Amino acid sequence: MRGIRTGDRLLHIWTWLVIVWLSSPIAVMILFGFNDKQSKSNTTWQGFTLRWYKELFDIADLTTALRNTLVVAVVSTAVTVVIGTMLGLALGRHRFRGLGATNFLVFAAISTPELVMGASLLSLFVSGNVPRDSVTIIVAHVLFSLSFVVVTVRARVVGLDPSLEEAARDLGATAWGTFRQVTLPSIMPGVAAGAMLSFALSIDDYVVTSFVNGSTVTFPLWIVGAVKTGIPPQVNVMGTLIFGIGVLIAIGNAIAARRRT
Amino acid sequence: MRRLTPYLLALPGWMWLAIFLVVPMAAMASVSLQTGNAIDGYAMTFSVSNYTDALGRYSTQLVRSLLYGGMATVAMLAIGYPVAYWIAFKGGRRKSVYLFLLLLPFFVSFVLRTISWNFLLADNGILFGTLKGWGLLPADFHVLATTFAVVGGLTYNWLPFMILPIYVALERVDPRVVEAAQDLYATRAAAFRRVVLPLSLPGVFAGVLMTFVPATADPVNAAILGGTANTMIGNIIQTEYLTNLDYPTASALSFTLMAVLLVGIFVYARVLGTENVLEAAAR
């Protein structure tokens, strides 16, 4: 009996070690957003300051990059949610010709390495003389997010009781009315999860974007470009704010979900 | 009209995938068989010389990528399996808290996390600089620009993707099945090996699939943590495309990488058994 307990205790400690390991770069990022650095590089702790929070938008290129990232994320999420929900509904609810082929396409889009996806899109744009800007970035982001929305919505649709919709139709609702008042509310958690996932994927993406951006710079691209000259503390602050907002939304979601049940 | 509904619903998403996934692959296949340069343009010659040239020049990086990806995947499995096991069987009511803590890195940009590691592991940074100051490490000790740094970074960045599917598989295992094995005089180790482990294999399969492919093709960790001696195939493809504008070579390399990964997945699937694969793919 004693041996079993020790084993469990070791696994418990191991789990916490892994959690600490996974969180340590985040702690460093947050901490060095408060570093009162005097030299050019932000590598040693020199005292506490809120200066970088006040001067958050003082680097014009960085601010533009952050704005580009947010615009791309909002637009690509909106497009992805609409067409992804439609495709998820079709795949989860209906049997039609080409179902298998479409399922395969969705799976292929998830399993293609980002690098190959970016490279092949660039091949297409180069062959077709398409100029690269924020539009091509949005096209690419919709492409890699789409399957994730399809999969989450489809999972929700499959678990849905079709008799609810039939009841709505029997009670005289139009097709559109049934969709808006019965189907959509019941698949909403899947749609919302898909939307959050595609927003998160979009603001985080470096690899695919680096192929299709042309001269448009996004937040991750700007950071990689700045590695050689040193990352300014404003980047840490922006990372900290994005982290904080994301965590708050996730916790709020979890609380709301618990209250519902 | 009703019969048309599924087609109309599927059309926009289907077209997006066809135009921006299938057509570009075809475009890349076509470019990889062309010769020419960025200034004079390219002409289709159906020559496979791009492939032989590219492989001749960059086989080192290709092999290194597969090796690093494989090493990182094994490390993730070794580190992540015990964590998934403990949370699934002993996490109790705090299961979701532990999962949330494991997912915290996802709220920070991938690039920024990797740069944070570069910062933490810097030769005279807050960690090693301090230890060197105390005389605990020799002055020339360094981790950055080594294989260890790159494989460590890859392991770090995809570890949650390994833990989650294994956790999902283990969470479904009924603890009574394990008790039954022990009642039938299986030792704890035997119960794990013959009951729990086989039931968790679909999760392991999904985890390996979700981590090996992106880790092998990743250019970011090698660029930020690796220095010049640890270049991976992803860095080469990026440079050929974006700096050298050598589209035929870059396309040939991308195609080779994808083919190698597909073959790898296929062989791996055959070894583990097809049922597991279909089960994992269906999820």
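Using the three backbone atoms N, Cα and C, a Cβ is placed for every residue, glycine included.
Quantities reported herein were computed from a predicted structural model and do not represent experimental measurements.
Sequence annotations record features per position, and here TrEMBL assigns transmembrane segment to A:12-34 (among others). Away from its own ends, the transmembrane segment (A:12-34) comes close to residues 42, 45, 48-50, 52-53, 233, 236-237, 239-240, 243 of its chain (Cβ-Cβ under 8 Å, at least six residues beyond either end).
Annotated domain 'ABC transmembrane type-1' per TrEMBL: A:66-253, in sequence order.
According to TrEMBL, the feature transmembrane segment maps to A:70-92 (among others).
Look at TrEMBL and you will find A:104-128 (among others) tagged as transmembrane segment.
Among the features that TrEMBL reports, transmembrane segment is placed at A:134-153 (among others).
Annotated transmembrane segment per TrEMBL: A:237-256 (among others), in sequence order.
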Study note, to complete from the structure: Contact set of the transmembrane segment (A:70-92) with the rest of its chain, CB cutoff 8 A exclusive, min separation 6+ beyond the ends, reads 99, 102-103, 106, 134, 137-138, 141-142, 145-158, 160, 183, 187, 190-191, 194-195, 198-199, 202-203, 218
Point to revise | Chain residues in Cβ proximity to the transmembrane segment (A:237-256) (below 8 Å; excluding those fewer than six residues from its ends, i.e. six or more beyond) | key: 26, 29-30, 33, 52-53, 56, 62, 66, 196, 200, 203, 219
